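Colleague: Before anything else, here's the structure in question.
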Amino acid sequence: MESRLGWLTDLSTETGTNLRRTSIICTIGPKTNNPETLVELRKAGMNIVRMNFSHGSYEYHQSVIDNARKSEELYQGRPLAIALDTKGPEIRTGTTTNDVDYPIPPNHEMIFTTDDKYAKACDDKTMYVDYKNITKVIEAGRIIYVDDGVLSFEVLEVIDDNTLKVKSLNAGKICSHKGVNLPGTDVDLPALSEKDKSDLKFGVKNGVHMVFASFIRTAQDVLTIREVLGEQGKDIKIIVKIENQQGVNNFDDILKVTDGVMVARGDLGIEIPAPQVFAVQKKLIAKCNLAGKPVICATQMLESMTYNPRPTRAEVSDVGNAVLDGADCVMLSGETAKGNYPINAVKTMAETALIAEQAIPYIPTYDDLRNLTPKPTSTTETIAAASVSAVFEQKARALIVLSTTGDTPRLVAKYKPNVPIVMVTRNPRAARFSHLYRGVFPFVYDESSDSEWTVDVEKRINFGVKKAKEFGILVDGDTIVTIQGFAAGVGNSNTLRVLTV
């Protein structure tokens, strides 16, 4: 049997003619929100457009959607997915008097209050916090972070229902509208703010393909989002963002009801000790891999490329190790939203991911997934797992999967084949959200169904082979493995074949 260590000793660091299978998500901002730049991002490797609803108006986000769709008219390529990232429930400070920044020294004692009369009258003596229950959930000795941890305070005393006495642990400035984090404290904020609900309805109206749901703490939070999306948004994938200790603690229950996961390391690294973040990342990714649910690694992956043309070596290692951990997708934030080198950042991420994919010991990974997956599995999963085994044994160059809902490609992707998964579907939405699954190359087959099922199957397989040749996946003489159904309808994927192109 192939060993992990043996695999690494023979590792090639050349990209060669291999095709990257890890998807890349790009946050779109002022530097990239035009059709021409979006085309260049797609050519560089972008698969999913991310809109950050913590910033921008509906008019602006509408322009991102319109420009993304315009880019597909200018350059066909692979289908492009669009993701809506919610602002989520959060805690913020109030407005300082005259919007002035107030410097404070270390060991400075002051008051945090939920009294609304201070909402626009904060200073270096009293700071308003918009979380009414803060005095009920926190206790003396706890730490409060302000402005992503730039300022740290220790709670000295809970004075009454509205008031905390705190002491600064470092020097800094009191500013308006800064985020507040309560590490180690269970908060009871609602899953969705009114703004979030309005944003989700905007997403449904505009046909987004997935929602990145911020600050998810419980499984019920996911169900609440699904309820707001309603019947019209039933096909929108919900990707939970794990950003706090509660989300980590409740992860197993959350994983059962979500469509996928984002390990959002920014806020997570404030809510839990920073040295623990890498271990939590590995643990959550492993659980997602075993469950067959897509997982995204995000935040500060190539942060220095916001302003520099080359990444730090640590950043490149971070991207590569996220791929090795098992991430289906990696994400860029400020690098493509406001950065000076957005195209170069995507190219760097794409090349790094491609090399990292060659470092994965595929057969031992497959064996782990097969051995740890509870039995019996569904018929579709059994066929999916068998197809990946067939790829290894036949040294096939690709899998071609006929799918209606995208579920079979998801299950094939779970078992980490070392070749592309060519997905042929008549469902454009399924084609787009399938970018969440590592290795899936989706293509939309828009011909009408043939009355003879077997004829229709062969036409779609031939279409998949044709597209795979166009994209450099296959050449004549290659061996392929195909998955199809024995009859029309959802859930009938039960036939595996080995063919020669």
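Just so you know, glycine gets a Cβ as well, placed from its N, Cα and C.
Found this in Swiss-Prot, in case it helps:
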| type | residues | note |
| --- | --- | --- |
| BINDING | R50, G266, D267, T299 | substrate binding site |
| BINDING | N52, S54, D85, T86 | K(+) binding site |
| BINDING | N52, F53, S54, H55, R92, K178 | ATP binding site |
| SITE | K241 | site 'Transition state stabilizer' |
| BINDING | E243, D267 | Mg(2+) binding site |
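Are these features on the surface or tucked inside, and what are their neighbours?
Modeller: Sequence-distant contacts of D267 (substrate binding site), defined as residues of its own chain at least six apart whose C-beta falls under 8 angstroms from its C-beta, comprise N181, F215, E243, N244.
Same-chain residues at least 6 positions away in sequence with a Cβ under 8 Å from that of N52 (K(+) binding site) are, in sequence order, T27, G29, D85, S333, A337.
DSSP assigns S54 (K(+) binding site) to coil, not to a helix or a strand. Residues within less than 8 Å, Cβ to Cβ, of S54 (K(+) binding site) and separated from it by at least 6 positions along the same chain comprise D85, K87.
K241 (site 'Transition state stabilizer') counts 24 other C-beta atoms within 10 Å of its own C-beta, drawing on all protein chains shown.
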Colleague: Within 10 Å of its Cβ, which one of these binding-site residues (H55, K178) has the largest number of other Cβ atoms?
Modeller: K178
Colleague: Taking R50, R92 as the binding-site residues to compare, which has the smallest set of other Cβ atoms within 10 Å?
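Modeller: Comparing Cβ neighbours within 10 Å for the binding-site residues R50, R92, R92 has the fewest.
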Colleague: Rounded to a whole number, how many Å is the Cα of G266 (substrate binding site) away from the Cα of K178 (ATP binding site)?
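Modeller: That separation, Cα to Cα, works out to 15 Å.
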Colleague: Quick one: pull the CA-CA distance for F53 (ATP binding site) versus T86 (K(+) binding site), whole Å only.
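Modeller: Per the Cα atoms, F53 (ATP binding site) and T86 (K(+) binding site) stand 5 Å apart.
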Colleague: Where R92 (ATP binding site) and T299 (substrate binding site) are concerned, what is their Cα separation in Å, rounded?
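Modeller: Here the two Cα atoms lie 21 Å apart.
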